[in-house]
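Peer 1: Sharing a structure below in structure tokens format, with a few things to ask.
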Amino acid sequence: FPRCLSKAWKDLSCSWFDICHLIHYLRLSHHLIILNYLICTFDKLKSVSSEDINITDAVFDGVEVRVFEPPAKRDERLKRSVVYIHGGGWALASARTSLYNNLCRIMAESLNAVVVSVEYRLVPEVCFPEQFHDALRATKHFLQPDVLAEYSVDPSRIAISGDSAGGNLAAAVCQQVIPNFKSKPKLQALIYPVLQAFDFNTPSYQQNMNMPVLPRYVMINYWIDYFNGNYDLAHSLVINNHTALDVGQALSFRGRLNWTSLLPSSFKKNYKPVIQTTGKAEIIREIPALLDVRAVPLLAENETLQLQPKTYILTCENDVLRDDGAMYAKRLEHAGVEVTLDHFDDCFHGCMIFTIWPTDFSAGVQTRNSYIKWLDENL
């Protein structure tokens, strides 16, 4: 366990999941609805402005957003901007919860930037690709010249960013926006992003399979829910049956996700690849989105990666997704993109938003400050 995560919080996170899964098992409600109710019901904040920041709720092409605007400074013409996409396994949290409201407010104040926080629809109300479509529509709407002018934003100083599942959506949106839209982001900043469902036995998945906050089985269930799949597939996914050597649909992607060549030795340690000789091709036929780059940006072809902007990727040692971020960083580097991989040895998945009581961790402040510092220096 990471030293910065107390036993009380480890036990509490496990208890929440256990209670929600019991309710789901009893068919009283979907476990994600219950969990999101616990997370959001008493924590959503209204868009309350102050002298330091103007906070408003808006709708961008049918997608709700929360916009954070610092007051205009004397002789200031245009501001820089960040489009932020929150995490939560495509199923949990909200741009309006105190954790994300606080993060985006601090970003806007620290960077003197307009921050647009996207309130995309969640599982189980909708599944892939609707979350991606919401994030893409909101971003494309904001990038229109008249909208940027309305918010006094410099079109050459825009970043797309997100954490966890939001990092997934940010990377996927960036891959789609850049070749297809006139206004292009200057940067992308991905915080412990989830980027692939091809290999659930990377070294970080093996090392952190039982880590609190995001154990491997929970991440796999998030993927299954995102794709509206069947939980009976979980065991096959755990042992990589869906990408076995005899699964023809996966063969062309294998070289794009070879962690033995993409990860540093300090990450690989003594872990061995888990590659099945024979598997279940019907899984890919049932859920083709497992290989859809809009859902799994790490599998994008090199021609797409070459077009990506300067990139920041934050990873944590105590996180099953550590290697997703590290592999994407290496693939982007190989494609000629300037990348900063910011790795934290004693931090855990989700830590960056935990900066206010009662979940105020030093790891959260440390990672948040490093992230904002990079944005300030590069945006």
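Including glycine, each Cβ sits where the backbone N, Cα and C put it.
Annotation comment: TrEMBL describes Ser164, Asp319, His349 as active site. The domain 'Alpha/beta hydrolase fold-3' annotation in TrEMBL covers 82-238, 292-352.
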Peer 1: Can you tell me how the residues of the domain 'Alpha/beta hydrolase fold-3' (292-352) break down into helix, strand and coil by DSSP?
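Peer 2: Residue counts in helix, strand and coil order: 22 helix, 19 strand, 20 coil.
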Peer 1: At the level of the C-alpha atoms, what whole-angstrom distance separates Asp319 (active site) and His349 (active site)?
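Peer 2: That separation, Cα to Cα, works out to 5 Å.
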Peer 1: Mean pLDDT, the domain 'Alpha/beta hydrolase fold-3' (292-352)?
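Peer 2: Mean pLDDT for the domain 'Alpha/beta hydrolase fold-3' (292-352): 98.
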Peer 1: Kindly assign Ser164 (active site) to one of the three DSSP-derived states: helix, strand or coil.
Peer 2: coil
Peer 1: May I ask for the distance between His349 (active site) and Ser164 (active site), taken between their Cα atoms and rounded to an integer number of Å?
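Peer 2: So the Cα of Ser164 (active site) lies 8 Å away from that of His349 (active site).
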Peer 1: When you measure from the Cβ of Asp319 (active site), how many other Cβ atoms are you left with inside 10 Å?
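Peer 2: Cβ-Cβ neighbours of Asp319 (active site) within 10 Å number 28.
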Peer 1: Among the active-site residues Ser164, His349, which residue has the largest number of other Cβ atoms within 10 Å of its own Cβ?
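Peer 2: Comparing the active-site residues Ser164, His349, the most crowded Cβ belongs to Ser164.
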